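Right, one structure below, let's go through it.
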Amino acid sequence: MIPIAWYLIFSAALFCIGLFGALARKNAVAILMGIELMLNAVNVNLIAFWHYYAQIHSRPYVHGLAFTTMVFVVAAAEVAVGLALVISAYRRRQTPVVDELTLLKG
Amino acid sequence: MTVETLVVFIPLMPLLAFFAIVLFTHRNNAVSHWLALIGAGLAWLLSMVVFGRAIQTEDLSQHPFAAAIQWLPTGSTGLEIGIQIDPLSAVTLFFVAWTVLMIFIYSIGYHNFGQPKGEHDRPGLPPHGAEIQDAHGHKHRVPSIEPMYARFFALISLFAFAMFLLVVTDNLLTLYVGWEIMGLCSYLLIGFWYGKESARNAMIKAFLTTRVGDVFMLLGLAALYSLTGTLNYQAILNNPVVLNGLASANSPLAGISWAGLIGILLFVGTIGKSAQFPLHIWLPDAMEGPTPVSAMIHAATMVSAGVYLVIRFFPLLSTGWDGHHLTLPMLLMGGIGAFTALFAATIALAQNDIKRVLAYSTISQLGYMIAALGVGAYVAAAFHLITHAFFKALLFLGSGSVIHGMEHGVLHTGEKIDPQNMLFMGGLRHKMPITFWTFLAGGLALSGFPLITAGFWSKDEILSGAYASGQLLIFWVLALAALLTAFYTMRQITLTFLGKPRSQSAEHAQESRPVMTAPLVVLSFFAITVGWVGIPQYFPLIGGILPNWFEEFVGSMLLSPAEKAHHSLLPLITSLVVALGGLLLGWLAYRKVFQPFDPLEKPLGGVYTLLRNKYYVDEIYQWAFIRPARWLAETLTDRWLDRTIIDGVLHSLGNFGMWLGKTLRQWIDLPVINGAGDLTASGTRNIGTYLRSLQSGRVQLYATVGLGLVAAVAILIYFLWVIG
């Protein structure tokens with residue numbers, strides 16, 4: 001059986017890639033993609049912890065799976081809203097670059 | 001209607017006219033003067049009806065026409081307002097109604113009704129005259145209508161109301177009300193031409209001077225009310241119990257009974273109103289008003305009110321008088337009256353203004369009446385009051401007519417002379433015959449021309465009364481005054497009407513319109529005939545042909561008629577001599593005046609100057625009262641008390657406050673409170689300035705910062721809790 005640490009290291013790596021993408025990419029669509037990566041890293045974590053937890057207790061728990069499914073739903077909704085926002089911002093500003101969307105500058 | 005109801009309506013008529021003119025018709029001259037005339041005319045008609053009823057009533061003095069209603073409840077007692085017609089008020093009503101009506105009619109002409117408006121006339125100044133063009137294209141200057149014509153009629157209507165009120169009332173309080181309204185009207189009418197400074201000064205002088213007397217009178221009134229609980233004439237004057245009670249009660253002033261004190265206080269009111277020495281100074285200056293006002297207020301009616309008051313209160317003034325020893329108020333009246341009679345007569349000798357001569361003669365004649373009361377000649381005083389009202393109204397209106405004629409001449413010739421100065425007149429008898437003959441009748445009545453004129457009979461009675469009372473000093477002073485009266489009256493007549501004109505204007509003088517001369521004729525009729533109702537029984541030859549109605553009628557007012565005096569021919573001879581002698585001397589001295597210069601000025605020298613300047617009484621008052629009062633007001637109160645002490649205290653208080661405020665501001669407000677406030681504001685702003693650089697609007701930077709913070713917190717937690 002694959003030790004849990006491998007899953008966690010993979011998940012952490014995935015999360016860091018997503019975090020880097022969200023912070024460093026200029027394109028709003030790429031930022032959204034980075035966020036998706038971070039969400040999926042979390043999903044990997046959740047599934048991994050659920051799998052080991054269920055095996056240790058030898059019981060057929062499903063709450064890890066349900067949690068992950070919820071995350072998918074939320075992520076899908078987030079992508080739908082996020083992409084709509086990005087398209088709307090693009091239509092107004094003719095740019096997908098978030099550095100130029102500084103309306104909230106103090 | 002009962003006669004009492006009629007009496008109530010007498011004063012109401014002019015009052016209604018006053019309100020109607022003031023409120024509704026003051027823009028229309030004709031309607032206004034008709035309203036005033038109708039008011040005065042109805043009052044006259046009612047007065048005549050009432051007078052007719054009064055003289056037919058038996059025993060009127062004991063049972064006068066009277067009616068009263070409750071007016072002011074004052075605790076346990078109450079003041080009533082009511083009317084009362086007894087013999088004294090009946091005869092007063094008679095002469096007031098006649099003179100008022102005549103003066104109203106005369107005023108129409110005097111104020112040039114029907115003449116064009118003057119180009120330069122404006123309210124508050126006498127009319128200057130207007131330029132008109134006749135059919136041939138010639139330009140003339142003619143008199144112009146008074147700019148405030150309606151206002152004049154409103155004011156004299158109010159004045160007539162007050163005088164009628166004063167006459168018909170039955171108590172002292174209402175009398176005082178009428179008295180004060182007349183004071184107000186006098187003030188307003190003296191200052192009728194308020195554009196002239198002299199008129200303004202005169203109006204204030206008249207008001208203040210009479211006010212001095214009024215205050216004392218009010219004190220007397222209050223004392224009388226507090227002692228007797230009533231101000232009704234009948235209840236006080238017809239009631240021996242009350243009179244004796246007042247006479248025997250001691251007043252706070254040592255040696256004077258309450259009757260004496262109240263009498264003196266009321267008499268001081270008379271001194272003010274009837275212009276007796278030392279409060280006589282206002283009356284000559286009152287000649288600043290239009291001449292009808294001088295006639296009405298300052299000769300016929302208002303000044304008569306003062307004499308009327310003391311005649312009315314003679315029973316109180318003379319309580320305790322046994323026919324030999326005069327009471328204190330009587331002594332005072334005798335002294336002041338006789339002195340004023342002589343004093344004013346001497347001043348009149350040296351006056352050149354036709355109206356001023358008459359003003360001083362009014363003062364002198366009023367002094368006569370007061371002196372008559374002082375020696376107990378009650379009926380004679382009332383008699384002289386009435387005859388004087390008629391002939392003095394006549395003389396004033398006549399002088400107004402003369403002035404009018406002279407003004408006509410002045411307008412015609414354009415001369416720069418005073419149209420009231422007698423020295424510029426002369427020869428007017430040809431130009432103004434009606435005015436001359438009526439003025440002559442009035443003048444002779446004033447000087448007491450024997451037998452035919454009214455003034456002779458009343459003056460003769462006063463002289464014989466003074467002689468009979470044993471007050472020989474008063475008798476001789478009055479006789480001397482009568483001599484001077486005749487002298488200055490003749491001087492006036494001679495300078496004005498006789499001889500030759502002494503100026504261009506006098507040559508071009510013109511007789512006044514019939515509306516002015518008709519009242520003169522009516523009044524001159526009375527100036528002669530009114531004396532015949534009081535011819536004494538004892539008079540040689542003609543005594544007893546006509547009954548001495550007046551003495552019976554008015555004399556019944558006294559509870560105990562004075563004992564018939566012992567008659568002597570000396571006063572009669574004296575009055576004949578002084579009247580005729582004075583007239584003769586006056587004619588001799590002034591018949592040959594050809595230049596506008598008084599022939600007596602040189603021989604009399606300093607005396608003339610003294611008289612000319614009215615014994616410098618005005619200057620003495622200026623020095624003794626007005627300057628100290630001004631000093632008190634300007635220097636003591638204003639400069640020292642007010643500006644130095646009070647202002648000083650206030651200013652130092654203010655300065656201390658300023659200092660305190662500045663200090664607090666400098667040391668507490670500015671550093672502490674303002675500093676804290678400013679610091680809060682600037683600190684917030686500085687923090688904001690620092691923080692705003694974080695707010696770049698770049699989402700990824702926020703996220704990075706968030707990440708860094710999370711990392712820092714995580715490290716902190718790790719070191720604090722996990723390891724520590």
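Placement of Cβ uses the backbone N, Cα and C atoms for every residue, glycine included.
Sequence annotations record features per position, and here TrEMBL assigns domain 'NADH-Ubiquinone oxidoreductase (complex I) chain 5 N-terminal' to B:71-110. Residue counts for the domain 'NADH-Ubiquinone oxidoreductase (complex I) chain 5 N-terminal' (B:71-110) under DSSP, helix first, then strand, then coil, are 24 helix, 13 strand, 3 coil.
What TrEMBL lists as domain 'NADH:quinone oxidoreductase/Mrp antiporter transmembrane' is B:170-484.
Annotation comment: TrEMBL describes B:6-25 (among others) as transmembrane segment. Listed by sequence, the residues of this chain that lie at least six past the ends of the transmembrane segment (B:6-25) yet keep a Cβ under 8 A from its Cβ atoms are 31-32, 35-36, 38-40, 42-43, 46-47, 49-50, 65, 67, 83, 85, 93, 97, 100, 150, 153-155, 157-158, 160-162, 164-165, 168.
TrEMBL lists B:34-55 (among others) with the feature transmembrane segment.
Summarising the annotation, TrEMBL assigns transmembrane segment to B:88-108 (among others). For the transmembrane segment (B:88-108), the residues of the chain that approach it from at least six positions outside its boundaries are 10, 14, 33, 36-37, 40-41, 43-44, 47-48, 50-51, 54-55, 60, 64, 152-153, 156, 160, 163-164, 167-168, 290, 292, 295-296, 300-301, 304, 308, 311-312, 382, 385-386, 389-390, 393, 397, 400, 515-516, 518-520, 522-523, 526, 530, 550, 553-554, 557, judged by C-beta separation under 8 angstroms.
If you look up TrEMBL, you'll see B:148-167 (among others) marked as transmembrane segment.
Within the same chain, residues 79, 81, 124-126, 148, 151-152, 155-156, 158-159, 161-166, 200, 202-204, 206-207, 210-211, 214, 217-218, 221, 225, 231, 269, 273, 285-286, 288-290, 293, 297-298, 301-302, 305, 309, 312 sit at least 6 positions outside the transmembrane segment (B:173-194) and bring their C-beta atoms closer than 8 Å to a C-beta of that stretch. Residues or ranges marked as transmembrane segment by TrEMBL: B:173-194 (among others).
Distant neighbours of the transmembrane segment (B:215-233): 68, 76-77, 79-80, 82, 84, 86, 170-173, 176, 179, 242, 246, 249, 258, 261-266, 268-270, 272, 309, 312; these residues of the same chain sit at least 6 beyond its ends, with a Cβ under 8 Å from one of its Cβ atoms. Summarising the annotation, TrEMBL assigns transmembrane segment to B:215-233 (among others).
TrEMBL lists B:293-314 (among others) with the feature transmembrane segment. Beyond its flanks by at least six residues, the transmembrane segment (B:293-314) meets 88, 92, 95-96, 99-100, 103, 106, 156, 159, 163, 166-167, 175, 178-179, 182, 185-186, 189-190, 192, 213, 217, 233, 237, 263, 266-267, 269-276, 283, 286-287, 333, 355, 358-359, 362, 366, 369-370, 373, 378, 381-382, 385, 388-390, 392-393, 395-397, 400, 558 of its own chain at Cβ-Cβ distances under 8 Å.
Feature annotation from TrEMBL assigns transmembrane segment to B:326-350 (among others). For the transmembrane segment (B:326-350), the list of distant contacts is 256, 259-260, 263-264, 267, 271, 276-277, 280, 310, 317-320, 356-357, 360-361, 363-376, 469, 471, 473-474, 477-478, 480-481, 484-485, 487-488, 491, 598, 600, 604, 608, 611-612, 614-615: same-chain residues at least six beyond its ends, Cβ to Cβ under 8 Å.
Panel annotation: around the transmembrane segment (B:389-411), residues 95-96, 98-99, 102-103, 106, 109-110, 129, 141-143, 290-292, 294-296, 298-301, 304, 354-355, 358, 361-362, 365, 417, 419-420, 424-425, 428, 431-432, 435, 438-439, 441-443, 445-446, 453-455, 496, 503-512, 516-517, 519-520, 523-524, 526-527, 530 of the same chain, lying at least six beyond its termini, place a Cβ under 8 Å from a Cβ of the stretch. Summarising the annotation, TrEMBL assigns transmembrane segment to B:389-411 (among others).
Positions annotated as transmembrane segment by TrEMBL: B:520-539 (among others). Non-local neighbours of the transmembrane segment (B:520-539) in the same chain are 95, 98-99, 102, 106, 379, 383, 386-387, 390-391, 393-394, 397-398, 401, 434-435, 437-439, 441-442, 445, 452-458, 460-461, 464, 545-546, 548-551, 567, 572; each lies 6+ residues outside the stretch with a CB under 8 Å from one of its CB atoms.
Annotated transmembrane segment per TrEMBL: B:569-590 (among others), in sequence order.
Among residues of the same chain six or more beyond the transmembrane segment (B:701-723), those with a C-beta under 8 A of the stretch's C-beta atoms are 694. The transmembrane segment annotation in TrEMBL covers B:701-723 (among others).
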